[in-house]
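Notes for the one structure printed next.
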Amino acid sequence: MAPPPKDYWFHLKYWAYIIPAAYVVSFIYNFGPVTGIGRTIVDYNVDTCEKISGPTDFNFCEDVVLSNVSGVAYTTCDPERHLFNKVMGHHFLEEGQKAKSSDFWRVNYVEVPASIEKFEINKEFDSTSDFHPLGITFDINPDTKEQVLASVNLPHYGDASIEFFTVDDESLTLTHKRTVRDPKIYNPNSIHIINDVRLRADDGTPSFFFTNDHYFSSGFLKKIENYFLYLSNVGFYNARTGKVEKGINGLLFANGITGTDEFLFVAETYRGTIKKYDIQIEFVDEVPQVRLNYVKEAFFYMAVDNLRYVPEKDLVVVAGHPKGIDALVFMMVKDKVNAVKPPSQVDVWDVESGETKTLLVDNGELFTTSTSGLIDLVNSKLIVSSLFDEGLLICDL
C-alpha cells in the first residue's frame, strides 16, 4: 500500500505542531474561565459579615468543619503558611529556618464576642516539630459515639499522613488515635469519611476517600502539572484491610471532597468544576469493595477549593478564588502584608435542580483567599475560612 501524500494534514511532520497546539487549546479551555481575567469583582452580601480574630497564631485557617454542638466549629490554622506552602510549592524559609507547627482550634461563633480556644494535643503525638494540618473532617462513630477529628498532615520535611484524634470538648484536648501513612497517599489535600460501621477498623478508625492534589511533589514538573497534566486523583483507604485502593484518576488539581456514604463530590480547581459520583459498596467474603460511578458535574467561574455538603438541603457549598490568576500571584509573593489581596467567593450547588447560586463575594479588603464555606442552618450563619487571612469570616444568611 502506497504511503499517504505528504500534504495530508495528519502527516507525521505536522504532529510537532498539533500536539503543543492541542495542549494550549486545552489550557485555555480549562483554565481560562477561572483566571478571572477581565472580570470586575463587586462585593455581594458582605454587609452582615464580621471577621473574627484572636491570638496571633489564629491565622491562615485553611479548612473548617462544624462540630455536633450548635454554634461551634473546629478549624486548623497554619500561621506560617506564607513561608512554606507545600501544596503550591512555594517556600521562603531562610537556610536553617524552620516554620512553626500548626494547631487545632475550637470556635464558638454565636457567642459575643466569639470564643476562640486552642486544643491541646496529648504528648504521645509530636505536634510541635513539623505538624502542618490541611483538610479536616469530623466523625462520630455510630456505635460508640466516639468523636474524632481527622486531618491531612503535610510535614515540611517528611511524608504526608492522615491523622486521627479523639475529641474531648470539656477539657479541650485531642488524644492521638491513629496515623495512616501509605505511598499512595503522597500529596493529600482533603478527606471524606465513610460513616458505615462495616467499613471501620477494629479500633473504630473509619474508611475514607482522599484527594491527591498533585502527582509531582516539587520542581518544574509540579508547576506545569497545574495547567497541562491530568495527574491528580482520588483514592480510597479501606480501614478493613489497611490498604489504599483506586478511586478516580485523570483529574486536574483535585482539591476539596465531600458527600455521604452514598455519593461523593470532588472539586477540580483549575477546571472550575465539581463532579458527583455514586459510591457503590459490595462485600466479598466480608471485605468491602468500593467503586465510584460518575453522575454529573457543575461549573463555577472561580478556582474551586474546599467543599461541604448540606444533606438537609441537598446543597454543596463551594468556596474558591474568583480571580485565579490574582490568587496564584499572591501566593508567590513573600510580603503578603503589602500585596494586593485577591477576592473571595462562596457559591452553592443545588444538586437536584442543577442550579448554582452565589452566597458571598468580597473584593479581598475584608477577607481574602477564601477556601472553605460552611452553612449552619440552625443559627442561619455562613462560616468562611481562608488560606491567607486572619481568623474566620462569619456572615448572616
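Keep in mind that glycine also has a Cβ here, set from the backbone N, Cα and C atoms.
The Cβ neighbour count for ILE136 (Ca(2+) binding site), using a 10 Å radius and every protein chain shown, is 24. Following the DSSP three-state reduction, the secondary structure of ILE136 (Ca(2+) binding site) is strand. The Ca(2+) binding site annotation in TrEMBL covers ASP63, ILE136, ASN195, ASP196, ASN255, ASP305, ASN306.
The annotation disulfide bond is assigned in TrEMBL to CYS49-CYS395. Spatially close to CYS49 (disulfide bond) yet at least six residues away along the chain are LEU360, ASP362, LEU366, PHE367, LEU382, LEU393, ILE394, CYS395, ASP396, judged by Cβ distances under 8 angstroms.
For 14-32, the entry in TrEMBL reads transmembrane segment.
Mapped onto three states, the DSSP output places ASN255 (Ca(2+) binding site) in strand. In the three-state DSSP reading, ASN306 (Ca(2+) binding site) counts as strand. If you take the C-beta of ASP196 (Ca(2+) binding site) and look for same-chain residues 6 or more apart in sequence within under 8 angstroms, you find SER207, ASP261, ILE281. Under 8 Å, Cβ to Cβ, and six or more positions away along its own chain, ASP63 (Ca(2+) binding site) finds THR75, THR76, LEU134, GLY135, ILE136, SER190, ASN306, THR371, SER372, SER385.
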